[in-house]
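Taken verbatim from Swiss-Prot:
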BINDING   G170, D171, R172, Q173, T174, G175, K176, T177  ATP binding site
MOD_RES   T257  phosphothreonine
SITE      S363  site 'Required for activity'
Amino acid sequence: MVTIRADEISNIIRERIEQYNREVTIVNTGTVLQVGDGIARIYGLDEVMAGELVEFEEGTIGIALNLESNNVGVVLMGDGLMIQEGSSVKATGKIAQIPVSEAYLGRVINALANPIDGRGKISASESRLIESPAPGIISRRSVYEPLQTGLIAIDSMIPIGRGQRELIIGDRQTGKTAVATDTILNQQGQNVICVYVAIGQKASSVAQVVTSLQERGAMEYTIVVAETADSPATLQYLAPYTGAALAEYFMYREQHTLIIYDDLSKQAQAYRQMSLLLRRPPGREAYPGDVFYLHSRLLERAAKLSSQLGEGSMTALPIVETQSGDVSAYIPTNVISITDGQIFLSADLFNAGIRPAINVGISVSRVGSAAQIKAMKQVAGKLKLELAQFAELEAFAQFSSDLDKATQNQLARGQRLRELLKQSQSAPLTVEEQIMTIYTGTNGYLDGLEIGQVRKFLVQLRTYLKTNKPQFQEIISSTKTLTAEAESFLKEGIQEQLERFLLQEKL
């Protein structure tokens, strides 16, 4: 017969009582009233915060954007096809954040920082809020270091500095993405981390950009954040903030970063779609009233940090698409007023074979020569002036047939200067090569050549100077100034190559 031992039973009961946990977990829940078009209306969720993440029963995550008196408007970060009316939703108590680490370099990710390049998971120990406040006035210092794009027209006349925000604006198919990708290629060896954010583009276009960066070894220092045209509007809206959070991670670690948003018109359209579906009142061009804040809070995160914070920088190149050159539309005017200048690409110039199709007359950099080395300042001033005079004369010359010799010479010089600004895609030039090219043009060495010979001569001149006059490049890179010694090396090289070239052409 089994004996019952009372002491053993009482010990077991005591242990169980000690193990009993009286903690009460409070979950803020709600019920789905309606779902569709990437939007869900939730009843309940009484204590939810604006921008808080909520989780649906079947695993979809959403963001609470509209807090109304009797329901909460949630935008879905997925298709939400499995969400049913009446199913439960719980608030997570978290704001959207992403993991960040050095391991993201060379990878293609989506707006939630998940890899989409098929190369496995990315390890990360830290995380950052997708929307974090921009550095304040005390945390910044003025922009003073150049960020070279490798394009003569930009680096000489519309210079960009580290920590600046420069808008690239133009119609579709005018080479906006090409300017941005060339700038990434030119950062090779410059210790600059690049982030390319593709918003609402064709997957084939993004693949093309990634391939061209891989072929030239630029993916080593680049992160691509891509949300293609078939992505939900919520993710297209979040993608630029994800890119900014990744760039900020490196900026606060005393590194220099460059971020390209391609393009913000698509982000504004995604935000407009979300806002209209949430029944927010539409404003101009049916955009919601806070579309300016959408872009200003993103672009204000670009900064040149003060010496106390390590002097890191984040340079932003937002891209905006115009409709038949209309820069006075809502989104273009908004972004122009937020940024520190704009590079205007013209369809007419592009079709006339002037590529990059930069309209130098209406492009501007509000940082200006503070973002140039001294040697570039020395040669660029003359180029700007001569091109401006040429543009004026060219318009005047259309109405007059008999021009005096001086005017004809000025027109001829202007045409050759315009020729030297032309560059092939994915062929950025070093700052030394740019200086020698501009010097050759502004000092009349190209005047004796036919327009068709200019580019051929310049290519040969760069090679000749590199091999026969390496002292010129050494002086520029060490002193950052066009000294009298450097100028004499340059003059000798140009004269020697010009004689060789003219002999060659005669044969």
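Residue 1 is the first one shown; counting continues down the chain.
Quick reminder: no glycine exception, Cβ is built from N, Cα and C everywhere.
Owing to the predicted nature of the structure, the values given are computational and were not obtained by experimental measurement.
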Drop a 10 Å sphere on every Cβ of the recorded positions Q173, T174, T257 and tell me which sphere holds the fewest other Cβ atoms. Q173
List the Cα distance (Å, whole number) between G175 (ATP binding site) and S363 (site 'Required for activity'). 15
Other C-beta atoms that fall within 10 angstroms of the C-beta of D171 (ATP binding site): 18
Would you identify the secondary structure of S363 (site 'Required for activity') according to DSSP, in three states? coil
Just to confirm: which same-chain residues, 6+ apart in sequence, have a Cβ under 8 Å from the Cβ of S363 (site 'Required for activity')? M157, I158, G341, Q342, I343, F344
Around the ATP site formed by G170, D171, R172, Q173, T174, G175, K176, T177, which additional residues qualify by having Cβ within 8 Å of the site's Cβ center? E321, L345, A347, F350, A357
Quick check on the binding-site residues G170, G175: which one has the highest count of other Cβ atoms within 10 Å of its Cβ? G170
Between K176 (ATP binding site) and T257 (phosphothreonine), find the distance joining the two CA atoms and give it rounded to the nearest Å. 20
Other C-beta atoms within 10 angstroms of the C-beta of K176 (ATP binding site) total 25
G170 (ATP binding site) falls, by three-state DSSP, under strand
Using a 10 Å cut-off on CB atoms, tell me which of the binding-site residues R172, T177 is the least crowded. R172
Give me the CA-CA distance between T257 (phosphothreonine) and T174 (ATP binding site), in Å, as a whole number. 25
Check the DSSP secondary structure of T177 (ATP binding site), expressed as helix, strand or coil. helix
